[in-house]
Amino acid sequence: MNHLTNQYVMLHDEKRCIGCQACTVACKVLNDVPEGFSRVQVQIRAPEQASNALTHFQFVRVSCQHCENAPCVSVCPTGASYRDENGIVQVDKSRCIGCDYCVAACPFHVRYLNPQTGVADKCNFCADTRLAAGQSPACVSVCPTDALKFGRLDESEIQRWVGQKEVYRQQEARSGAVSLYRRKEVHQEGKA
């Protein structure tokens with residue numbers, strides 16, 4: 001499938017993210033995510049001590065990348081996992097048989113089998129709730145530092161963000177292009 005110009009994309013601005021997990025909590029509440037699982041979280045990565053006594057670390061969003069060539073879609077035996085016309089990788093819960101193939105195939109390890117329903121679950125940009133009502137995803141709406149941007153790839157504000165040189169996408173050879181863009185920043189803490 002070709003990378004759609006009108007598809008939905010998200011940008012996680014690591015320069016603005018403070019790792020507060022407000023996005024994780026909002027998602028869990030709205031989507032009734034069971035204890036011990038998540039559709040989105042922010043991880044702290046690359047802690048290292050620099051020679052000047054500063055600690056360097058990075059806040060990284062971990063969620064579905066909405067891959068162009070999603071391995072989770074290609075392994076699904078029932079067609080429950082699919083990429084919709086907006087570029088969102090979805091799970092049709094009525095067709096999911098809980099085989100776990102999509103969970104195992106995800107190169108980013110962001111799917112899980114919901115123990116309450118027995119079907120696969122993951123971030124879908126709140127497509128069936130907030131997005132359907134014309135609102136941005138829950139994570140975007142609660143971010144206190146405006147570190148998350150969401151919109152269609154052909155919108156001017158989104159184009160401005162994704163065109164910056166610091167913006168990158170986490171790639172995996174078998175997934176193709178992904179719809180989660182990131183602006184990298186390494187935070188510092190300590191004495192200079």
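The backbone N, Cα and C atoms fix where each Cβ goes, glycine too.
A quick note: this is a predicted structure, and the numbers were derived from the prediction, not measured.
For Cys23 ([4Fe-4S] cluster 1 binding site), the Cβ neighbour count at a 10 Å cut-off comes to 27, with all displayed protein chains included. Under the three-state DSSP scheme, Cys23 ([4Fe-4S] cluster 1 binding site) falls in the helix class. The feature [4Fe-4S] cluster 1 binding site is assigned by Swiss-Prot to Cys17, Cys20, Cys23, Cys143, with similarity to another entry given as support.
Long-range Cβ contacts of Cys139 ([4Fe-4S] cluster 2 binding site) within its own chain (separation 6+, distance under 8 Å): Ala22, Cys23, Thr24, Ala26, Cys27, Val40, Leu148. What Swiss-Prot lists as [4Fe-4S] cluster 2 binding site is Cys27, Cys123, Cys126, Cys139, and the listing cites similarity to another entry.
In three-state terms derived from DSSP, Cys67 ([4Fe-4S] cluster 3 binding site) belongs to neither a helical nor a strand segment and is classed as coil. The [4Fe-4S] cluster 3 binding site annotation in Swiss-Prot covers Cys64, Cys67, Cys72, Cys106.
The Cβ neighbour count for Cys76 ([4Fe-4S] cluster 4 binding site), using a 10 Å radius over every protein chain in view, is 22. DSSP gives Cys76 ([4Fe-4S] cluster 4 binding site) a coil state; it is part of no helix or strand. Summarising the annotation, Swiss-Prot assigns [4Fe-4S] cluster 4 binding site to Cys76, Cys96, Cys99, Cys102 and lists similarity to another entry as the type of evidence.
The domain '4Fe-4S ferredoxin-type 1' feature in Swiss-Prot is assigned to 8-36.
Residues annotated as domain '4Fe-4S ferredoxin-type 2' in Swiss-Prot, with sequence analysis given as evidence: 55-86. Per-residue pLDDT, averaged over the domain '4Fe-4S ferredoxin-type 2' (55-86), rounds to 92.
Per Swiss-Prot, domain '4Fe-4S ferredoxin-type 3' is recorded for 87-116. Panel annotation: around the domain '4Fe-4S ferredoxin-type 3' (87-116), residues 3-4, 7-9, 34, 37, 39, 62-68, 70-81, 122-125, 127, 153, 170, 172, 174-175, 179 of the same chain, lying at least six beyond its termini, place a Cβ under 8 Å from a Cβ of the stretch.
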Cα-to-Cα gap, Cys123 ([4Fe-4S] cluster 2 binding site) vs Cys96 ([4Fe-4S] cluster 4 binding site), nearest whole Å: 16
Distance [Cα-Cα, Å, rounded] between Cys106 ([4Fe-4S] cluster 3 binding site) and Cys76 ([4Fe-4S] cluster 4 binding site): 11
Where Cys139 ([4Fe-4S] cluster 2 binding site) falls in three-state DSSP terms: helix
Shortest C-alpha distance to Cys72 ([4Fe-4S] cluster 3 binding site) - which of the binding-site residues Cys17, Cys20, Cys99, Cys126: Cys99
Cys102 ([4Fe-4S] cluster 4 binding site) - helix vs strand vs coil (DSSP): helix
Cβ packing number for Cys96 ([4Fe-4S] cluster 4 binding site), 10 Å threshold: 21
